Amino acid sequence: MQPLLVLATLLGSALAGTIPLQSANYHGYKVVRLSGEDTSKISHIVSQLGLETWKFPKSANANVDIVVPPKKIAEFEKMSHAAGLKKQIMHEDLGRSIASEMSFRPYSYGGANDTWFQSYHKYEDHLKFMKDFQSAHAENTEIVTSGKSHEGRDITGVHVWGSGGKGSKPAVVFHGTVHAREWITTMTVEYILNQLLEDKEAGAALLDKYDFYIFPITNPDGFVFSTDHDRMWRKNREQNEKGCYGTDLNRNWPYEWDGDGSTTDPCSETYRGPSPGSAPETKASTSFIKGLADGAGVKMFVDWHSYSQLFMTPYGYSCSARAPNDDVLQEMASSFADAVKAVHGTSFTTGPICSTIYQANGNSVDWVVDEIKGETAFAAELRDTGMHGFVLPPDQIIPSGEETWAGVKAMFSKLK
């Protein structure tokens, strides 16, 4: 969910998407965290130098994570020092960090083997993983697709059920990789999928109550582009006006679509699209979830993002509105955060989306709660809080999976 508040393009036409297959080169780029009491000083630096931000503060003394290209480093250092801002280096060389992260391990047949969660993977291997997982558990799983992406890829997931039989229980829907560069969500959602059947006692207890629909990659075109051409790509790959590419799929859902938490600029990272629900990926997801709602109903929806370590409740479109069952949602979110912390000491902040991270209209969580009356819905921001940001080292995949699975189990214990 994390937005890029782009005040100027990082790589000219490459980041804006005007050259669809140009590979972005981030060697020599620094990612720097600034903080200070007067955030207007930071805004001035970002604006004057035309820099990209990974994260911008909601209040004074909050952190701002900024990407600085080589040719602007000297001026950035001069201006930040003159403004008296605190500085911390997140990535000394973003390109080197990306290269290390992209050491994809070859995939071996057989599902979640000992090496799967030790590295990130290409799109084709994720498809193989899901198919192998389903084959290994054919008696209570099936491959499902919600529809096709703009470029014609299937939006693939796995349906897992328990003793009641296929489709007999209320649905739980987990979405990963809505934003293409948030790779830790892909792996963590797959870790949850694996644990539903590997954690025999806890998994069986959940599957006897609910049918799970797990979609590790809901933005396949964007994800492929992020692995093959631009690691920092966020949106889908539709071509827009001005020759720019991509709609922000978490600003395109057809509920409270037209608001301050997105933009009409086709070149912006938070472009909401030309109309509510216009993106093929959004159409596919809304249609699929509506079908579940018309069946046994939707018990829970979680939209998994990174980064910032947050577990949030509705709403995103308004900072004053609250869901009808807000007290229950807050209790569940707190249970998630407490259980996560007990595993590796990772702290998550909880609260409504708008007041916790930023205003976001046209998002999936609000749509699920108000349009199809899903009982519970949450938006998560996984590891970390900014030391690595979107480029999270592979050695954090398993810890992220372990703590998130603990949080999921705890959250369900509060669900009646």
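For all residues, glycine too, the Cβ spot is worked out from N, Cα and C.
Swiss-Prot annotates His179, Ala180, Arg181, Glu182, Asn250, Arg251, Ser306, Tyr307 as substrate-binding residues; of Arg153, Arg234, Arg322, the candidate listed for that same site is Arg234. Within the set Cys244, Cys319, the cysteine that Swiss-Prot bonds to Cys267 via a disulfide is Cys244. Taken through DSSP, the region 'Disordered' (264-283) splits into 4 helix, 1 strand, 15 coil.
Using a 10 Å radius centred on the Cβ of Glu381 (active site, proton donor/acceptor) and all shown protein chains, the other Cβ atoms total 25. Confidence for the domain 'Peptidase M14' (119-415), expressed as mean pLDDT, is 97.
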